[in-house]
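As given in Swiss-Prot:
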type: BINDING; residues: 99, 165, 212, 213, 214, 215, 216, 439, 440, 441, 442, 443; note: substrate binding site
type: BINDING; residues: 197-199, 207-212, 324-325, 443-446; note: ATP binding site
């Protein structure tokens, strides 16, 4: 027996040769982390985006489109300027730069997730880890911000960044989106577009890009209402889970229904579980095999700075193992609270009660007769400031006065008797809350590559893509048996009819029909329609199945209906 063929290399060759995808800027030597989609690849990519868009729209989500370039202050508020970093190290001899955590992982075979720059530097020194390019000594580790920086306008005085995620464009529009949703939670907003990350050393082909496409939904909900109203529709769906405790104990993944996973405490609530099922169903609809999908819960040190809990939908790759393709994160109120604080905008939602409630509230104000001589012209301003404080801050003030007997406000030391404090009852009909956010975030490029990898079939006499039929970049090829009349004219008329019926179709008369079958099998075309010598006699053609190679005969007038059944309804 010969060596097992290298599936990765075969797929890379097929992708380049047949027009799916290849590295960008080839004629100038290329640039790592950038890929171009060819005619066939771009079609599949659009189909993936369409499947995700349709899934979001079925949930009643609204679509938004916002700029790729974003002013710096947005990312200061979101935490990306401070937190969106990777550890970097430089060779003192040749100047090459590398991800420090990757170098340490490869050299020592350990997990470096969550390690500080100081800890990584210590390991590099202790184990004498050298530059993989020239063997030179490495510098201390420092943090490198992954956002692409730019300048907005001709004067260069406004710094901006290419967005590292599409989400912030949604958060900064929350006031308008909430008004559009009529102030009613929950509601979802999604965006499909480009994101950019200046990866230090992008590797693994299409799996780590500097420019990539995301489809992110931000689902705004009341944190006091975490039961999804339609959970019963998905509660029996099975999910393959790899929770934190199983990772820490080196246990295998488990398979539970969505309902069991919530009851056992693996998934925090039915709201979260519902959207995990939605993500799984989208991946299945794209054509990822069910046994290649799992959900892995991120360890606390892995989570993004905004995340309270994250589960990654991972797809298995023969070459790369389990690959993160979708993140489902509970972002809490992190983003809206940060943008409220930095912008001063009110990003709350008024929640109306079913019935009015009587609540006890603190009223705190200054005793103006006592403090007037002390505060003089500042007395009125400070009094209004205190009266405008929230309930929590007022209670903190009272506790401090009880404990210390005095406080300092705006540089003035004030005693307990300087305040008028009383508890009152108030009837309220609702309350303002900062909504929490659940975010299903799809990458598009990784599922694209893994769909092709998991569709590639290598047989003795052919290599072909057994891609899900409605995901094929060319849905039907129309072939005259030989390039002679009247077969050519009949075949071309059928081709034009199928185009008008909405099929992605091609007409091909070059080479033997056997070679043409192989050509279209290779790129995943599910059906070839052949016009043969019987066609002029009885008005029938053959439909050849890519996977089985079997053929059936149908009448030309029935062809669009039959193909629609085979491709989109089977």
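Heads up, the Cβ atoms here are built off N, Cα and C, so glycines get one too.
Keep in mind that what you see is a predicted model, and the values were worked out from it rather than measured.
Of the binding-site residues 212, 442, 442 has the largest number of other Cβ atoms within 10 Å of its own Cβ.
Residue 214 (substrate binding site) sits 6 Å from residue 444 (ATP binding site), taking the CA atoms of both as reference points. The binding-site residues listed here (197, 199, 208, 210) include no residue with a Cα within 10 A of the Cα of residue 442 (substrate binding site). Same-chain residues at least 6 positions away in sequence with a Cβ under 8 Å from that of residue 216 (substrate binding site) are, in sequence order, 165, 166, 167, 170, 190, 191, 439, 440, 441, 442. Rounded to a whole number, the distance between the Cα atoms of residue 199 (ATP binding site) and residue 212 (substrate binding site) is 12 Å. In the three-state DSSP reading, residue 197 (ATP binding site) counts as coil.
For residue 199 (ATP binding site), other Cβ atoms within 10 Å of its Cβ number 17. Site extent for substrate: the farthest pair of Cα atoms among 99, 165, 212, 213, 214, 215, 216, 439, 440, 441, 442, 443 sits 28 Å apart.
Less than 8 angstroms from the CB of residue 444 (ATP binding site) sit 45, 48, 49, 52, 192, 212, 213, 214, 215, each of them six or more residues away in the same chain. Taking all protein chains in view, 19 other C-beta atoms sit within 10 angstroms of the C-beta of residue 210 (ATP binding site). Within 10 Å of the Cβ of residue 446 (ATP binding site) there are 23 other Cβ atoms, across all protein chains.
Remark: of the binding-site residues 197, 208, the most isolated position is 208 (fewest other Cβ atoms within 10 Å of its Cβ). Counting other C-beta atoms within 10 Å of each candidate's C-beta, the binding-site residues 99, 214, 325 are led by 325.
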